[in-house]
Each structure stands twice: as structure tokens, then as C-alpha cells.
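First the structure, in the form of C-alpha cells, and then the observations on it.
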There are 2 protein chains.
Amino acid sequence: MKAISIGLLGLGTVGTGVVKIIESHQDKLMHQIGCPVSIKKILVKSLSKERQVPVDSSLLTERVEDIVEDPEIDVVIEVMGGVDETRSLLLTALQNKKHIVTANKDLMALYGPELLSTATENGCDLFYEASVAGGIPILRGLVDGLASDRITKMMGIVNGTTNFILTKMSKNGSAYEDVLKQAQELGYAEADPTSDVSGMDAARKMAILATLGFSMTIDLDDVKVHGITEISKDDLEYSKKLGYTMKLIGIASREGEKVEVSVQPTLLPETHPLASVNDEYNAVYVYGEAVGETMFYGPGAGSLPTATAVVSDLVGVIKNMRLGVNGRSTVAPQYPKSLKAPEDINAKFFIRLHVSDEVGVLANITSIFSEHGVSFDKILQLPLKQKESSEIVLVTHRASLFNFENIMQELIDNPRVKEIKSTYRVEGEGAI
Amino acid sequence: MKAISIGLLGLGTVGTGVVKIIESHQDKLMHQIGCPVSIKKILVKSLSKERQVPVDSSLLTERVEDIVEDPEIDVVIEVMGGVDETRSLLLTALQNKKHIVTANKDLMALYGPELLSTATENGCDLFYEASVAGGIPILRGLVDGLASDRITKMMGIVNGTTNFILTKMSKNGSAYEDVLKQAQELGYAEADPTSDVSGMDAARKMAILATLGFSMTIDLDDVKVHGITEISKDDLEYSKKLGYTMKLIGIASREGEKVEVSVQPTLLPETHPLASVNDEYNAVYVYGEAVGETMFYGPGAGSLPTATAVVSDLVGVIKNMRLGVNGRSTVAPQYPKSLKAPEDINAKFFIRLHVSDEVGVLANITSIFSEHGVSFDKILQLPLKQKESSEIVLVTHRASLFNFENIMQELIDNPRVKEIKSTYRVEGEGAI
């Protein structure tokens, strides 16, 4: 039987894993899809560079046309990264009737809808499981659950670098800068960690998840993002004292027709399933009206885990090819985009303040909250070493983001408030 | 467009959920599969019984032929339970070219291979996601992972009743009998809890998981089973002291071509992802050579969670119908069955002993282990209130089950050993 021919765009960490898996799993691939799979061409930046995996040098090319315009190539696997050039390459490949498997979250978060509709127009599959939480089959999980359930909330730990940093800060009481340095030495963080620690990487993944899970086109700009760079040791200590664990959480929630998608440091009760997801691991917690709570846990990155997701997608494409049903599995968004206003977003909030140490200050502060109809779940007041100051930690009951932001403005303007040290969302307690 | 006609066998807890979901999700079903779905007939034991859900009484029937022999019914959903009669019903339905979705673990554990091959012969789909861990899409996760990875170990908390009991025993220090009674009152345990607490229910699910994950027909008789009825408060206390959490764990592991499938109370390090799966929740931890550790978490039972899995399978069947590709997605077992002998099974073991309180007893006991080449990870020796006895708790390093069983025999015969109070496997530390 004729082999399926693959063109591979990129031979970095993930590309190397894909080559390894396709070579070492020929038997299993044959058993599942009934025909051999062979890599025909691999696009690389430089033919002369040394490779991490032994590759027949005749497979390598520096010319994109050797892949996207070769009529013998059936499936293009894109693991080269990048956005604009890659987008145009993949559009060409789709117009040339090649199916696509991609691990590129940046691309899918920005141009997913365009690429998916181009794929459908050309009768091609475009699968992108590896773009979110590498080794976790979360996109398939969502698609499977969609028809029989209504997903109302997703919370994800979808960035391994920041989860590694927060886990170490929390366990060892270390400062952010020290742990970041350690993470860079261990290879868990890039030399320029901005994309991870700013929350942008997580935001891209949440845009992809929300678009699929809510069947609504969510653009990257719709995602409110706050990173982990300002989290202090004190914040982590107080969280622990109050029974919480700090995580960088991507939230996609829906009430009625309106959705909110955001990424921010968030406090979760220690008993929440996401609270025990540690180190570089990822997890996506999904709440469906019928199924209730489910969670998918696994490695979010890495050569072989991500390559596994890519090859699973490839198997899906090839099964569809053999059945002659490519291009039919994409489900177009069903609902028009409708974003929540701050009035519609409800959560509990953690606030840490430094206030002047005078009679009646706590009563004064808390009255500001109650004027906005916000009451408290937990209150801690502690003296500070600096004279004439105390520290107040408050955890509210559920309140709207609108009310919370107004309260914060009043606190900034209040002469008794010396400094708002930090504020965090609190999730995973009670109401979904 | 012509509606897809469903015949429903059974209208109990899960059947009621299926009716509710199909009725309330018509829009979403239409969006995903492009045609309406309607329930044509529902088999019930008695037409006159009161129903938990409003159902048009003209849909109800007591005659199986109204479903399995009605040429207009496309898909039979089996949620009636039972084994022998149900098997023959489903074989008839398959011979009449009806696709099947079943939630029946007892049936699939005993007759899965026969039913699946009959389905393939008749060009029919037979899906059974709901038979293992209700709301968790674990079977699809395994199938997706199979082609691109080699699964070497699965560990599952796949019985909600026993997990509820062990969680409460562990948290509140309560005795087994008391918690069982409480679980029965809350509806988490049956009046006759034997199938759950004996481990048999978990064993059925592990047989299904192992058959799929290892691509090898594993019969229920191949699963070694030990239940939770003998677990004492003392065992749980010592586990905690040593940093472990006790869970009823189904293990399916593979080394080379040989596999072991078993269910037993097992100690896991508190930091293991499975250790924080509490109450009635289920989870399946999967180790793949390429992907590493993944875990699927969610509700293992319940009307709507299980019905969600059934309807997701139904959507899969209908998509295949519309593509004309039914009966092609079953992957026949690839390998002949090969079970590990006790010599091939390696684990760490926890042993709690009462011994006579005399000089040299610990040296005597430990020398028995070392004669069999088994060394220790942890040793605790404590005096007992009863005169002239002490309690010894040992945790070994990894050892073969064969050596461990020989050591136990020698300890039984040893006059200084008054009683072997308990032994447990220890998993999740180090070697897979």
C-alpha cells in the first residue's frame, strides 16, 4: 500500500520528537491506519547545522516550495513556529490541498479562524491539539464533550514555566527573581522569559480553548492578561495562612450568552484539583453543566510529549484520508462573540493593604466595601515593623469586578491607605 | 433531513439522564451532526411504573423486539445493565445492523471482545466510553494516544464508592464500618456494597482499560483483586505518618511483552497526582513512554455525567453514519495475551507486624528480608500496649512479588511473629 508522505516544517525540539516517534512507531502506525507513513522532506534553516537526531541529509531542504508545492506530499506538519510567514506558508499548503497538523499556539490564537475556514474550503483537515498544553488531549476532550454538554467554565494552568516558578516560590519561600534564575539555568525558562511570565503565552492558549469550548471566536485581544512578575513572598505566605495556593490561572467562563476570558495570578483553595498541579505540569479544569467537574493533567511542553500530540493528530488526518472524509470535522463557531462587562464578572478577591495605624482605620476601610455592597469572607490585621502602619489582608465574598475596581479607586484616594500591596482573584470556592 | 432513530434499553438513572440530554441539547446536536435525533422506543420492565422524567408513554415498551428488531431504529443505547440476557439482546441488535452505545462495564469486561468483533462483522459501531469512569473520556484518550505512544502503566481510582469511604476514613479517622454506613445513607454505596468494596467493580473497569491500552485481550479472571474491607484505622494512621495516602488502585502495567493487571489498596506518596483525588471522584493516571505522566479526573458515576459519555458516543456513531464509515474504528488487539508471573511483578511493599518484644527480634525479621535480597526504605518500631509485644512497620525498596510472598510465608512460620497485621503495595515512587 502506498505510504502517506509527510512534509515537516521545522526540525527543532518538537520536530526532532516527531521524527523519532514516526520512525520508532511504524508498526503501531501500520496497525492503526493500515499504511506506512514516511517523511519526504524537512524544511530547515540551514542544511549544514548539526542535528539532534540522525536524519538522512537528502530529506533536508531550505526551500519551502519543496514541501508546500510538492504534489506528492499529503500532510504538512508545522513545528517551525513564527506567525506571519508561517501563516502564508500554511495558506499556500491548504490551497494545494495539503492537510495540516500544527503545534503553533501563536499562529492559532491569531489566525486560527482564517486557517480553519481555508482548510474547510479546500476539503483539508487542520488539527492543532499540540498548540495547547502539549501532551494533554484537551482539545479532543472539549470537542467530544461539546455536543452532549454545555461547558460553563474552564480554568487552566497552561504555562509550565510560570507554574514551575510559583511552585518553587511557594515551597521554598524564595523570591521571584531567584527562582526565575534557577528556572533559566534548568532550561524551564527562556533567556527572555517575557512571553511566559507576562501571561501572554497562557493568554494565547486560553483564546484557543475558549473559541473551541464556547463555540465563539475569541481573539487574543479579548483576553485580559496579568503576569506573575509582581508576586511577592509575602503574598504567598498570606495565601498559605488563609488556606490558598497561588497559581497563574487562565479563566474562561460563561454565564448565559456572555463570556469572560482572562489570565491572572489566582488563589485556589488547597483542596482544589488544580492546587496540586505542581512544577512544570499543566492541567485544564473543565466544568460542564451535565458532567460536572473534570480535569486533564499532563506535561504542557517538551519534545516527546508535544510530538505525541502532533502524531496523534497526524493519525486522525490519515484515518480521515483513508475514509475520504477530510475537512468535515471542523465545527464552525455557533455563537456570535459576546463579552462580559466588568459588571458581569463575579469573583472573590484578595486584597493586601498597608494602612496608617490609627483608631477606626479598619472600620473606615471596611465601610468602603460595604457601601458597594461587598462583604468579607476573611479578615487579617497585623502590625507592621514600620512604625505607625499596619497590614490588612481581606478576602471578599463574591463581588462584581466593577464594584471591586470602584472600591480600589476609593482606597487609592483614601489618605489612611498608605499602599495597596497586592490584589488577586480567588476562585474554586462554591459558585462556579 | 431524516432524524436518527434511537432505541433505548432501560430507563433507570443513566437512561433518564440520556433522555434529558437528548431533549435539552437538540440545537447543539443539530449543529454538530447536521440532523435531528429522536428516541423512538424505550424498553422498560413495567409500563405502569412512575418515571423520574416526563416521557411520552407511547414511547415505552416491555417488548425487546420493538427495539432490536425494528428496522427503523438506527442506534441502540443500552443502559439496562445485566450480562447474559443483555449480551444476547445486543448480539441480535448487531445482527440487525444496529449500532450500539453501552454503559455496561460488567458486559464489556466479560464479553467485550465477542461483541466488538460481531460489531465489526456487521459494519456496526459499538462504543462503550461510559462503561469506565462515567464522566471521564478515558477510553478516547487511550485510543488517541495509542498510535503515537506506548502505554506502559495505568493506575486508576475507578470506583467512587470505595474512594469516598477511604477519603472519609482517612480524613476523620473513622472506622470502615461507620463510613460504609454513612456512605449507604448518602446514596454513595449500595445496600449490598459487595461488588464495590470487594474491588470487583474496579477489576471490571481495569480489564476494559488494559485490553484497550495494551491492545491485548485481558479477561476479568486475569485481574488479581483485593478489596478494602480489611483496612484498619491503624493502617491509615501509619500511612499518613510515613507520608502516604491509601487508595484502592487498579494497576495495569507492562514491561516488555508481559502485563500485570490488579486491584488492591495501595499507598501513594501524598504528592502523587492520584493522592489528591478525593470523595466519590475517579481518576486514571496513564504513563506513556513518550508523553510521560498524564491524568484524567472527573465524576465516575451519576446520572448526567454517565449520560454525557453515552451521548458523546452517540454523536460519534452518528458522525460515522453520516460519513458512511461505521464499524471501522474498532482496533483489534494487536498482541497475544502474556501475563507477568510473580517473579516479574516489582513493587515496594508496606508490612505491619506484631512481634514478641525480645532482644534481636528486629535483626531477626530484617535478616529474613535480606536473605531474599530485599532491603528497606523505611522502618518504624513502636512498643504496644499489650505486654511483651511491639509493632514493626516496614516499607521495602522495590522487590519482586515472588520474593515478597516467600518472605511472608517465612514470617508466618516464624515464632517471634505474633501476627502479620497488614500488607500493602506502595506505588508512585521512582521507577514506573
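The backbone N, Cα and C atoms fix where each Cβ goes, glycine too.
What TrEMBL says about this one:
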ACT_SITE  B:LYS205  active site, proton donor
BINDING   B:LEU9, B:GLY10, B:LEU11, B:GLY12, B:THR13, B:VAL14, B:GLY15, B:THR16  NADP(+) binding site
BINDING   B:LYS105  NADPH binding site
BINDING   B:GLU190  L-homoserine binding site
DOMAIN    B:350-425  domain 'ACT'
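Across the fold, the C-alpha of B:LEU9 (NADP(+) binding site) and the C-alpha of B:LYS105 (NADPH binding site) stand 15 Å from each other. Residues B:LEU9, B:GLY10, B:LEU11, B:GLY12, B:THR13, B:VAL14, B:GLY15, B:THR16 make up the record's NADP(+) site, and a Cβ search at 8 Å around their centroid adds B:LEU8, B:GLY17, B:VAL18, B:VAL79, B:MET80 from the same chain. Around B:GLU190 (L-homoserine binding site), a 10 Å sphere centred on its CB holds 13 further CB atoms from the protein chains shown. Here the domain 'ACT' (B:350-425) has, by DSSP, the following mix of helix, strand and coil residues: 24 helix, 34 strand, 18 coil. Looking only at the domain 'ACT' (B:350-425), the predicted model's pLDDT averages out at 93. Of all Cβ atoms in the protein chains displayed, 22 besides its own lie within 10 Å of the Cβ of B:GLY10 (NADP(+) binding site). Of all the binding-site residues listed here (B:GLY12, B:GLY15), it is B:GLY12 whose C-beta has the fewest other C-beta atoms within 10 angstroms. Looking at B:LEU9, B:LEU11, B:VAL14, the binding-site residues in this record, the fewest other C-beta atoms within 10 angstroms of the C-beta turn up around B:LEU11. For B:THR13 (NADP(+) binding site), the count of additional Cβ atoms within 10 Å of its Cβ stands at 15 [all protein chains shown]. Calculated from their C-alpha atoms, the gap between B:GLY12 (NADP(+) binding site) and the residue listed as 'active site, proton donor' amounts to 21 Å. B:GLU190 (L-homoserine binding site) carries neither a helix nor a strand DSSP state and counts as coil.
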